[in-house]
Amino acid sequence: MLSARPVIRAAARSALASNLVRSVPRIARPLAATSLRFASAKAAPTEVSSILESKIRGVSDEANLDETGRVLSVGDGIARVFGLNNCQAEELVEFASGVKGMALNLEPGQVGIVLFGSDREVKEGEIVKRTGKIVDVPVGPAMLGRVVDALGAPIDGKGPIESTGFSRAQLKAPGILPRRSVFEPMQTGLKAVDALVPVGRGQRELIIGDRQTGKTAVAIDTILNQKRWNDGADESKKLYCVYVAVGQKRSTVAQLVQTLEQHDALKYSIIVAATASEAAPLQYLAPFTACAISEWFRDNGKHALIVYDDLSKQAVAYRQLSLLLRRPPGREAYPGDVFYLHSRLLERAAKMSDKLGGGSLTALPVIETQGGDVSAYIPTNVISITDGQIFLEAELFYKGIRPAINVGLSVSRVGSAAQVKAMKQVAGSLKLFLAQYREVAAFAQFGSDLDASTKQTLQRGERLTQLLKQKQYSPLAAEEQVPVIYAGVNGYLDKLPLDRIASFEVEFLDYLKSNETEILDAIKTKGELSKELLAKLKTATESFIATF
């Protein structure tokens with residue numbers, strides 16, 4: 001109907017012109033002449049500008065298909081968008097409703113976008129714009145003491161973060177030449193870990209176990225133990241901590257923040273939270289965001305520790321995204337690249353060479369097993385990527401042996417090179433004694449008449465197991481651990497009743513602090529014991545046991 005109007009107008013004009021020509025020939029001649037002149041004339045300047053404008057508009061509409069798109073369908077946190085021809089993989093996009101998303105699938109004719117917000121706000125036909133940014137997060141010392149979300153935005157109500165720069169969430173791990181072998185200790189403050197499965201700065205040590213076996217407790221105690229160095233002035237000894245909570249309850253994260261504040265540990269820590277109520281893409285991104293934040297410390301010659309709690313939930317979130325994007329499922333319905341998901345994340349933990357500042361990033365990934373099954377897909381993947389694992393057992397936990405570390409299955413592949421020398425001197429045979437004890441304890445249940453050496457193995461094993469128990473939120477310094485383990489390994493506790501081991505530990509340390517400070521100072525400053533000091537420690541232990 002609209003297109004017919006110009007035709008009607010033209011017909012009316014021609015009819016009017018013919019009537020005028022017939023009735024007034026004198027007027028018609030000049031009119032005809034002028035119309036002839038106008039027909040052959042060039043377009044006026046105003047007409048040229050309007051023609052150019054319309055042409056430019058047409059070009060911009062075509063270009064818009066490269067920079068913008070329209071929503072074809074939306075549901076389950078996934079939007080399929082037509083257009084966005086120039087979109088990059090993992091680029092941030094913005095919907096007209098204000099919801100942000102990330103392009104994960106680049107297909108012919110459409111783009112699969114995962115939403116960071118609710119999909120209820122996104123409508124079919126809505127316009128989507130490119131931002132031109134791959135996910136980047138604020139980094140720098142201003143992040144310390146803050147709680148942020150998976151995109152690095154503060155969620156603790158303490159105002160905006162004045163960060164010095166930004167870093168991409170998904171960066172490539174350092175190559176082989178920029179690295180060096182692990183040699184500095186990263187002390188957890190837990191006797192069982194520091195003596196049996198030592199961790200070094202730049203190592204990746206997996207904490208694995210069933211739910212409610214104390215996995216997070218091991219990580220939190222490690223963070224609290226760094227206070228003794230972070231309160232000092234020596235920057236080379238400080239260890240900044242980043243904790244990332246994936247798929248946890250908000251109440252759990254709030255409790256963690258409170259614990260760190262109470263122990264004055266929040267000032268050197270950063271918490272990245274993607275809780276259970278948040279979208280799967282944010283749970284998938286949070287560990288990468290936290291890693292980018294920690295890498296700033298590593299690349300500036302400082303030392304950092306990152307705790308991923310936990311990577312099982314990140315894998316589940318990634319599986320959800322992949323299945324909704326119609327990527328082919330593999331074993332346990334996980335996508336084929338779930339191994340690469342964790343390897344590219346954990347490979348970013350490294351000890352850098354002196355040429356690059358000598359910084360380090362230590363990773364403590366956490367994996368939750370189902371019914372103690374370490375042969376499932378994700379546990380075996382992460383075990384093969386990491387440099388060792390601390391295996392926590394539900395059975396030991398319920399027996400009251402806490403931390404519930406299974407010494408037989410726990411191992412540190414590179415940590416022994418980084419162990420405090422004094423600890424290596426006294427705890428060398430500890431693992432052997434505990435292995436012999438476990439072997440004998442199984443047979444001791446059946447037979448009552450045991451020979452003297454078997455009885456002695458049982459006695460010492462029981463006391464060493466008791467000695468390795470530790471209360472939560474009470475990490476010990478190396479100089480406090482070494483004398484206690486020395487007493488246990490050398491048989492000074494064999495005759496003590498089991499219920500007196502805990503009080504022995506407290507009183508023995510008090511005795512050393514008041515009478516033998518030289519031994520404790522040597523362990524603290526030099527990290528090793530000379531022959532004279534070992535002899536002194538032996539005499540001190542014997543004299544204390546005689547009066548205890």
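Cβ atoms here come from the backbone N, Cα and C positions, even for glycine.
According to TrEMBL, the feature domain 'ATPase F1/V1/A1 complex alpha/beta subunit N-terminal' maps to 67-132. Annotated domain 'ATPase F1/V1/A1 complex alpha/beta subunit nucleotide-binding' per TrEMBL: 189-412, in sequence order. The domain 'ATP synthase alpha subunit C-terminal' feature in TrEMBL is assigned to 419-544.
DSSP states for the domain 'ATP synthase alpha subunit C-terminal' (419-544), grouped as helix (H, G, I), strand (E, B) and coil, give 91 helix, 0 strand, 35 coil.
Within the model, the domain 'ATPase F1/V1/A1 complex alpha/beta subunit nucleotide-binding' (189-412) shows a mean pLDDT value of 97, rounded to a whole number.
Note: the domain 'ATPase F1/V1/A1 complex alpha/beta subunit N-terminal' (67-132) comprises 4 helix, 39 strand, 23 coil (DSSP; helix = H, G, I, strand = E, B).
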